[in-house]
Amino acid sequence: MAVHTIAIIGGLVTDLLTIADRVPDRGETITSTRFSTHHGGKGANSAVAAYRLSHNNPKNSGHTPVMGGETQVRMIGAVGADEFGPPLKEKLTASGVNTDGIRVVKDQPTGVGVVLVEEDFGENRILFHPGANYDLLPSEFTTLASLAGGVKPDLLISQLELRRETIEQVIETASREGIDVLLNPAPASYLMPRIYRMVTHLIVNETEAVMLSPSDIDRQDGWANVGNYFLRLGVKNVVVTLGAQGAYYLNESGGGYVEAEKQCIVVDTTGAGDTFVGAFAAQYIQQMNTQGWDIKLAVEYACKASARTIEHVGCLDPIPWADEVNIPRASLDADKTKDMA
């Protein structure tokens, strides 16, 4: 069986999640309804998503890979030597991710995301402190070996929870080595324009798409003009995720919209984007080794996978396996009720 590798160089974070009826106004204190701590970070979440969405749930079908061969996922990042860092690394290992490339930094805390979730809509606001994530420097990522422990990955995923200069160097090295790159530029930050021509897949949400494209682009007719802007910069595949409106995709073969999953109970949207990235990556590897690339199918799959994640609280644990993508929470709840009757 062929073995494919996805490498993620990105953020490792502990999420401090608070759920309240609404977000407080300036100078206001309100009482939340729930508080919990979760393993997360865009790098960690997308790594687990890429692995799970390349495999079926071992509880259901013996941990079998989906069609297209075995996919291994390797995580490169940094955590602090505090109460959060080592458990986060252990969690990723237990989730099937290779963590040999995760550094434990003694003099830095693990990155932290303070997440505020509005209960009625599941919408979130996040305050991010990078901590140990900023310990990774550009000079460390100038060789193929630095990207995935000596294994040439089929796809490299990165976001912007590391230093911007580090991510730019990662992308340059990957491009030089002929490795496809998926970039999710979040939190949104300016990138050197030359970087985009090295990006195979660009996945942005609405806010990031607006921030990273010129302000004079006409968006009244949808997202085609924004997509074409990134294509002109050299990106091969562009996806703009639109929350409850689904997603827009564009490449040289054409573009269009994919509706969001309708059978979905929204609880917490925090991990939606990272699940989308991991699902899209899993589909890319599978398609490139079977029927060939179809961006629309990948976006449809990613929308469905994201819907399963936002039906639960947290980022990492709710991410579905491949054989769970088509099972909405409402169906599971109905099955549980039937079993109890």
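Cβ atoms are placed via backbone N, Cα and C, with glycine included.
TrEMBL annotations:
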{"type": "DOMAIN", "residues": "5-321", "note": "domain 'Carbohydrate kinase PfkB'"}
{"type": "BINDING", "residues": "V13, T14, D15, G41, K42, G43, A44, N45, E161, D274", "note": "substrate binding site"}
{"type": "BINDING", "residues": "N205, T241, L242, G243, A244, Q245, G246, G273, D274", "note": "ATP binding site"}
{"type": "BINDING", "residues": "D268, T270, T309, H312, G314", "note": "K(+) binding site"}
{"type": "ACT_SITE", "residues": "D274", "note": "active site, proton acceptor"}
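Same-chain neighbours of the substrate site beyond V13, T14, D15, G41, K42, G43, A44, N45, E161, D274, judged by a C-beta within 8 angstroms of the site's C-beta center, are, in sequence order, G10, G11, L12, H39, G40, G111, G113, C315, L316.
Each of the binding-site residues G246, G314 was scored by the number of other CB atoms within 10 A of its CB, and the lowest score belongs to G246. Note: the CA-CA distance between D268 (K(+) binding site) and K42 (substrate binding site) rounds to 16 Å. Around the Cβ of A44 (substrate binding site), a 10 Å sphere holds 33 further Cβ atoms from the protein chains shown. Looking only at Cα atoms, V13 (substrate binding site) sits nearest to D274 among the binding-site residues N205, G246, D274, H312. Counting only same-chain residues six or more apart in sequence, the Cβ atoms lying under 8 angstroms from the Cβ of A244 (ATP binding site) belong to A260, V266. The least crowded of the binding-site residues E161, D274, judged by other CB atoms within 10 A of its own CB, is E161. The number of other CB atoms found within 10 A of the CB of T270 (K(+) binding site), across every protein chain shown, is 27. Of the listed binding-site residues, namely K42, H312, the sparsest Cβ surroundings within 10 Å are found at H312.
Taking only the Cα positions, the spacing between E161 (substrate binding site) and D274 (ATP binding site) is 12 angstrom. Checked against K42 (substrate binding site) by C-alpha proximity, the binding-site residues N205, L242, G246, D274, H312 yield D274 as the nearest. One way to see the shell of the K(+) site is to take the Cβ centroid of D268, T270, T309, H312, G314; the remaining same-chain residues with a Cβ within 8 Å of it are V267, T269, G271, A272, I310, E311, V313, C315, D317, P318. Ranking the binding-site residues V13, L242 by how many other Cβ atoms lie within 10 angstroms of each Cβ puts L242 at the bottom. Comparing H312 (K(+) binding site) with G246 (ATP binding site), their Cα atoms are 19 Å apart once rounded. In sequence order, A44 are the binding-site residues from D15, A44, G314 with a C-alpha within 10 Å of the C-alpha of D274 (ATP binding site).
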